[in-house]
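**Q** So Swiss-Prot lists these for the protein:
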BINDING   7, 8, 9, 10, 11, 12, 13, 14, 15  ATP binding site
């Protein structure tokens, strides 16, 4: 089984992916972790690396390559803002493609708690990062990140806690047609 989970920062994609991975015994591959690791390898902050990635397409190409390679082996949760799009462009059909969304201020508070920084700083970084990514996705892939038409399930994650979101997805998985 291949499941993609996408969403903007602070929507709960990592938490949800981990819960699903544990429940279904699927490997968890996260594009964000790959991106963060690459930023650390280059001694850059996420903001600096996002700016760097805008003009260096090899960053996205490497992340994509690793995601497609993982998906080809099957049985995984592929987490990333473009996970669903990358598989679509590679002619790999996931069993379920999910997008999590949440109110920007809810996301900002979640990010500030996760990163242990004040909300104003988290908001500034979030806006900058999302603008950078949106630009990059359009230029490199001709993808509008706001186009949710490829997803089987779109969940407003600010309405439920992590277990509530997990329960919705669990029901969807358990009711997939064979």
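Just so it is clear, glycine is given a Cβ too, placed from its N, Cα and C backbone atoms.
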**Q** List every residue in the same chain as residue 9 (ATP binding site), at least 6 positions away in sequence, whose Cβ is under 8 Å from its Cβ.
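**A** Expected: 107, 111, 126, 129, 130.
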**Q** Can you list the residues of the same chain, besides 7, 8, 9, 10, 11, 12, 13, 14, 15, whose Cβ falls within 8 Å of the ATP site's Cβ centroid?
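**A** Result: 16, 100, 102, 107, 110, 157.
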**Q** Would you count the other CB atoms within 10 A of the CB of residue 7 (ATP binding site), including those on all shown protein chains?
**A** 23
**Q** What same-chain residues, at least 6 away in sequence, bring their CB to under 8 Å of the CB of residue 15 (ATP binding site)?
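**A** Non-local contacts for residue 15 (ATP binding site): 162.
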**Q** In sequence order, what residues of the same chain, 6+ apart, have a Cβ less than 8 Å from the Cβ of residue 11 (ATP binding site)?
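**A** Set apart from residue 11 (ATP binding site) by at least 6 residues yet with Cβ under 8 Å, we have 100, 101, 102, 107, 157.
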**Q** How many other Cβ atoms sit within 10 Å of the Cβ of residue 13 (ATP binding site)?
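**A** So the number of other Cβ atoms within 10 Å of residue 13 (ATP binding site) is 27.
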**Q** Kindly assign residue 9 (ATP binding site) to one of the three DSSP-derived states: helix, strand or coil.
**A** coil
